[in-house]
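Quick look at what Swiss-Prot lists:
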type	residues	note
ACT_SITE	H97	active site, proton acceptor
BINDING	H122, H124, H141	Zn(2+) binding site
BINDING	T211, T212	substrate binding site
DOMAIN	32-265	domain 'Alpha-carbonic anhydrase'
CARBOHYD	N89	N-linked glycosylation site
CARBOHYD	N112	N-linked glycosylation site
CARBOHYD	N262	N-linked glycosylation site
SIGNAL	1-25	signal peptide
Amino acid sequence: MRMAAITKMLFISFLFLSSVFLARSGEVDDESEFSYDEKSENGPANWGNIRPDWKECSGKLQSPIDIFDLRAEVVSNLRILQKDYKPSNATLLNRGHDIMLRLDDGGYLKINETQYQLKQLHWHTPSEHTINGERFNLEAHLVHESNNGKFVVIGIVYEIGLWPDPFLSMIENDLKVPANKKGIERGIGIIDPNQIKLDGKKYFRYIGSLTTPPCTEGVVWIIDRKVKTVTRRQIKLLQEAVHDGFETNARPTQPENERYINSTYHSFGIEKQQ
């Protein structure tokens, strides 16, 4: 009986320690661990020192970068993006540092015969990538993941204009609901990612990383050359929905470190939405 009691106590202790470990490991998604304040101890320059599993944030293949298009190499075999997006059940999630739209089955992007499922999209204000040194008002990230855990992210930049972004217009009312409450999820029904209107003909491509901790490297980045328009009101809705201090949630540009930047089209400058 005594041995059974000891065994029971050890088992209970194991469960307690396991729960502590799981609670700690789940803290990676806590945005209070990092900030975008460049003067803060947990600001972007120090992300790689905050946690051992964030050390890649100090790596050599980090994103975002400044894309100087005269240095981009035109690659003739870069094809029009092979995407097969489709309407999907969608959930809007406030992650504290940004607003994410998660898709149950939004279709896929195919690169070199590998399918990358469209998992989610989110927004950064201002833009994270710059083009020829110019930073824009907003950047959307369409995050795709393959079956073996590799990422492709499509970045679309926006400037303030007279015309609202049609895709954001579809979810404007839903953006008001999870305001300033981290972890709030809300199903918003069927969303069609094709409404983003990405033609996929002219883009830059390079190898980089995720732009938030853990800053995983080896990410294929595709930056659309066309600058879309968004209204001040739409940007304000995105900023008001996140936690205080994350209204500006763009990581500074990182060293290029002589990486190859490929392009499907040779020209100087960017294309404006007509």
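In case you wondered, yes, glycine gets a Cβ from its N, Cα and C as well.
Counting only the Cα atoms, the space from H124 (Zn(2+) binding site) to N262 (N-linked glycosylation site) is about 23 angstrom. Cα to Cα, H97 (active site, proton acceptor) and T212 (substrate binding site) are separated by 10 Å. Sequence-distant neighbours of T211 (substrate binding site) (same chain, 6+ residues apart, CB-CB distance under 8 A): S63, P64, H124, E128, H141, R251. Taking each of the recorded positions N112, T212, N262 in turn and counting other Cβ atoms within 10 Å of its Cβ gives the largest count for T212.
Compute the center of the Cβ atoms of H122, H124, H141, which mark the site for Zn(2+); besides them, the chain residues with Cβ within 8 Å of that center are D98, L121, W123, E128, E139, A140, T211.
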